[in-house]
Structure formats: C-alpha cells, structure tokens
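Participant: Input: one structure, supplied below.
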Amino acid sequence: MNTQLFSPFTIQNVTLKNRIVMSPMCMYSSENEDGKVTNFHLIHYGTRAMGQVGLVMLEATAVAAEGRISNKDLGIWNDEHIEGLQKTVSFIKEHDSKAAIQLAHAGRKAELHTDPVAPSAIPFNDKMKVPVAMSKEQIQDTITAFQKAAIRSKQAGFDVIELHGAHGYLINEFLSPLSNKRTDEYGGTAENRYRFLREIIHAVKEVWEGPLFVRISADDYHPEGLTVNDYVQFAKWMKEQGVDLIDCSSGAVVPAHIDVYPGYQVKYAKHLKEHAQIATGAVGLITSGVQAEQILVNSEADLIFVGRELLRNPYFPRTAANELGFELKDPHQYSRAPGKIANTSK
C-alpha cells in the first residue's frame, strides 16, 4: 500500500526516506557537564535510526557554554565536541537515516551558576533569575557563536540544521513582545524583534549550504503576545532568507495554561503552510500512523515530528507502517524475524 508517511521527501540535495522526524528532546545526559556526547546519546539516537526514522534530530545543542539550559546539555561551542557528534552522525547514517542537529541558546531560561542573558531584564517567572539585558556586543558574539556552531555541524557531517526559535529560549525571547522590551534596533516593531533571528540566519547561511529549519512557538497563549498570524510575516521573511521548513510548536515564552489534545499544534503548521507558502513540520501528541498519514493527506504539514511516542517506542515507524498496511524493510540483521509487530492496542 502506498502512503504519504512513508514516501520520500527531498529538501535541496537531501532526500529523507520517509516523513518521520525525531523531534529534538533534551536528554540532560552530558554527565561530565562538558557538553560532550556520551554512550547514552549514541545508543539513544542510533536506536531511532535502526527503528527507521527518516530524520533523526539531536536535542537542543548549546552554541555557548552559558547558553545551556542545564549543565548536562549537549554542546557545540568548541571543536572538542565534534568527535562525539561525528560518531553519532555516522551511526545514524549507517542505518539509512539522515541526521539533524538543533542549535540553541537558552537565554533567560538558562539554569546555571552564571547570570542568564536575554533581550531585556525580565525573568521568566518569580522563581528564576533576573537576566542581564544583552549589550550589542553580546548580541553579535551570540550570532557569531551560532555561525561557528554551524561550521562544526558541517564538520560533524549533519544533513540538516534547525535553529531553536521556540519555547521561550533566546531567539523566541527576541521575537516576542512579552520578553523583548528593548528600545534599540532589536526591539519594538516586528521587524526589529525579528532582526536577531534574521542576523543569525544570515550568518549561518554564509557557512552552511544544506537544509535549514527553524522551530517556532506559533502562539504565546497570552493576550498581548504573538499568535500564528504574527508568525505568517516572520515565516515569509524566513523563506526570503532561504529557510526551508518551519517546525511548528507553541508556548513557553511566558507561563501559561495550554489545553493539549491529539494533534493540538497541527493547525499552526497548516496555517503557515497555506499563508506563508513554506514547508512545515507538525508536532505535538502525534501518536499513531493513521493520525500522521491524515495530516499529510490533508496537506496540513510536510513532515511529522514525533517526540514522546519515540521515547515510548523507538520502533514507532514500524508500528505506524503496520497500522497503514505498509511493508517496511527490516534491518538485515533482524531479517530472521519478519512480519508484523503484534497490535497491542486492541
């Protein structure tokens, strides 16, 4: 049976064997607090590649030591990180998957011993540190850090880079008027609030020729915050700059109550795909092959980002294929045990 979920998808010169993407999820497992890959990461990401995920995306990887969410985040702020990342990429590709990395800076959400930085001196909540408002020199240093991280990503062999512009981290903090109260060229109007991301994209594109994604929070869930309609303009600017796909998440720039339900963020991917004419990824409580297939058939998104379901089941692609009646090729090492996985949902 032909399916959309298991059809190839080509972005520039990179072809994914299917539309399933492992959503970037922080593992907080760099145990020596040096940002380096551990055996856990190799097994964690390698298993999903063996499970036949089309694009395995590594977690938020810090472009600066002070830009980590925690001391145990993965890092890419110096050349010593390349070797471990390279090994992980190599293992992913051995299993015919493509490898992506999410480049990130935590901004005011960094929970380290150092003082966090942000566009403005506004804490996320009353339990977190008041961040230091970034100087223009710090802004330029951070843009350079993203560029250097892109160079290292290329050296490590990644196929795709994603910029983390969501969930209340630094890029998102500049975009949202709730966290950006600057009065210079990096604050105020939508165009000014976009400037930080614009300059990061420009810097990355100078050294990176491959596919470039941006993850966004398409809704601030606040009456004075951003909505998906605001992101239509941002997405158009990103497309003009050569961004290939918008990964559509939501929330977490300020504390807010969010009603979640299966596929609750798909509407954002659909809206931006239609109104900004850019490829999108859907994410958020997508837990079955039938659900994922329907999103693609309805042209609501181009790729399906799967998070927690891949934590529960590293072989989710096989489960999804069984649901859809699609014959997924076994890894040759496992060919002595052909056939469908039992359907335990009944």
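All positions are counted from 1 along the displayed chain.
Keep in mind that glycine also has a Cβ here, set from the backbone N, Cα and C atoms.
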Participant: Per Swiss-Prot, which of R193, R195, R215 sits in the FMN site along with S23, P24, M25, C26, A60, Q102, G307, R308?
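Facilitator: So, going by the record in Swiss-Prot, that would be R215.
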Participant: Hey, how far is H164 (substrate binding site) from A60 (FMN binding site), Cα to Cα, in Å?
Facilitator: 7
Participant: Say you check the Cα of Y28 (substrate binding site) against those of the binding-site residues A60, R215, R308; which is nearest?
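Facilitator: Nearest by Cα distance to Y28 (substrate binding site): A60.
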Participant: Using DSSP reduced to three states, classify G165 (substrate binding site) as helix, strand or coil.
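Facilitator: It is in a strand.
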Participant: How big is the Cα-to-Cα gap, in Å, between R308 (FMN binding site) and H167 (substrate binding site)?
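Facilitator: That comes out at 16 Å between the alpha carbons.
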Participant: Where does R308 (FMN binding site) sit in the DSSP three-state scheme?
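Facilitator: In the DSSP reduction, R308 (FMN binding site) maps to helix.
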Participant: Around the Cβ of M25 (FMN binding site), how many other Cβ atoms lie within 10 Å? Please give the count over every shown protein chain.
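Facilitator: M25 (FMN binding site): 15 neighbouring Cβ atoms within 10 Å.
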